[in-house]
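Chemist: Below: one structure in structure tokens.
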């Protein structure tokens with residue numbers, strides 16, 4: 001997943017970022033709403049983890065504006081407020097879930113997975129396309145009954161394709177998912193990882209199409225085209 005963490009408490013933000021990065025996700029952190037708006041204007045995220053109390057305003061007001069602008073990015077709100085009314089406000093303003101501080105990072109991760117699955121219409125941890133089965137929680141992949149070993153970035157790429165089936169993904173978007181804003185390789189790295197993924201999924205009924213000038217599109221059926 002590509003995750004934006006909006007949290008001004010440095011140790012909390014660092015803990016969240018480190019935990020999700022270790023699980024293979026690409027993360028950016030914003031300490032203010034202004035920075036968050038900047039990031040959201042630049043990139044497409046799978047999830048925003050949003051604190052309520054920030055130096056330059058209320059996270060709930062920011063969320064309300066986000067939804068008014070028809071931005072449907074999944075948002076998981078972090079709050080230190082225990083009152084039921086506060087939780088109701090968060091959900092009414094467009095939050096997909098909330099978590100009260102202090103929290104266990106494992107619960108945050110589980111809720112994050114659940115939110116993104118619901119947003120993409122997948123209610124189970126394992127998403128299947130034909131004979132290809134991907135468990136996002138366990139980071140495991142099978143073709144029929146054969147386990148497929150993927151590197152961290154190969155898994156990130158497959159996750160992006162499986163959660164955006166039939167949608168055209170631009171090379172730049174895939175690059176940002178693989179490397180974040182501080183890219184450490186050129187755009188050609190996307191072609192390299194797509195080629196590797198195709199080779200490893202050669203027996204899957206799952207096709208990754210190259211659309212020249214547009215990007216890549218994953219579709220069910222057939223076999224993955226050879227690089």
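Including glycine, each Cβ sits where the backbone N, Cα and C put it.
Keep in mind it's a predicted model, so treat the numbers as computed, not measured.
Annotated domain 'Response regulatory' per TrEMBL: 2-116, in sequence order. Taken from TrEMBL, the feature 4-aspartylphosphate covers 51. The DNA-binding region annotation in TrEMBL covers 124-220. Annotation comment: TrEMBL describes 124-220 as domain 'OmpR/PhoB-type'.
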Chemist: Across the domain 'OmpR/PhoB-type' (124-220), what does the mean pLDDT come to, as a whole number?
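Modeler: That stretch averages a pLDDT of 87.
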Chemist: By a simple count, how many Cβ atoms lie within 10 Å of the Cβ of the residue listed as '4-aspartylphosphate', its own Cβ left out?
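Modeler: Result for the residue listed as '4-aspartylphosphate': 23 other Cβ atoms within 10 Å.
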Chemist: Pull the DSSP breakdown for the domain 'Response regulatory' (2-116) and write it out as helix, strand, coil residue counts.
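Modeler: Summed over the domain 'Response regulatory' (2-116), the classes give 54 helix, 28 strand, 33 coil.
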